[in-house]
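For reference, the structure discussed in these notes is given below.
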């Protein structure tokens, strides 16, 4: 009589009958073996997923190094030249003079350099700094000067552009007074009082003669004169 073989338990049953199989499958040993059997496949699948994620992360880190996307984008244009990478500043733990080959992966603990915004004039990969028409040959704009600045006329080649004179400051106005009628004007805003001294005497005639003596003032009242007929 054939016997039944259990793959999970790796053993043969004594009898090949439905009742014996049901009794064996209900045992705690069989259930533990079934659980262990499927757990090994879950662990293998989980480990394979972890390895795949690590490979994808390493591939993205190598592709997105400092300046890599910008250089790849600029290389798509005809006649474009790859922009050189900025030097990496040494950390306190890195010895001085440590060689860093261009294109090599970054060391652990090293921060990637900060790239300037694309399109800065004068930087490799950005638009060139333009001078005004008529500028002498060999002239160079001052760092930070606006585009189009040029040196002074008659300056030797290679001189810096002329500096613009600062704008005059606006006049200082007194603070506005309150609009309440009858409010006293502060002393600082009131006009200064003008005191008039004795008026100057009128100038004499131009002939050089001495001026006429001043006449005595006439009294404001008069006396009645006696008539001659009474005498």
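Including glycine, each Cβ sits where the backbone N, Cα and C put it.
The annotation zinc finger is assigned in Swiss-Prot to 4-36. The compositional bias 'Pro residues' feature in Swiss-Prot is assigned to 117-127, 134-159, 167-178, 199-217. Look at Swiss-Prot and you will find 117-231 tagged as region 'Disordered'. For 181-193, the entry in Swiss-Prot reads compositional bias 'Low complexity'.
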Secondary structure composition of the zinc finger (4-36) [DSSP: H/G/I, E/B, coil]: 17 helix, 4 strand, 12 coil
Predicted model, mean pLDDT over the zinc finger (4-36): 88
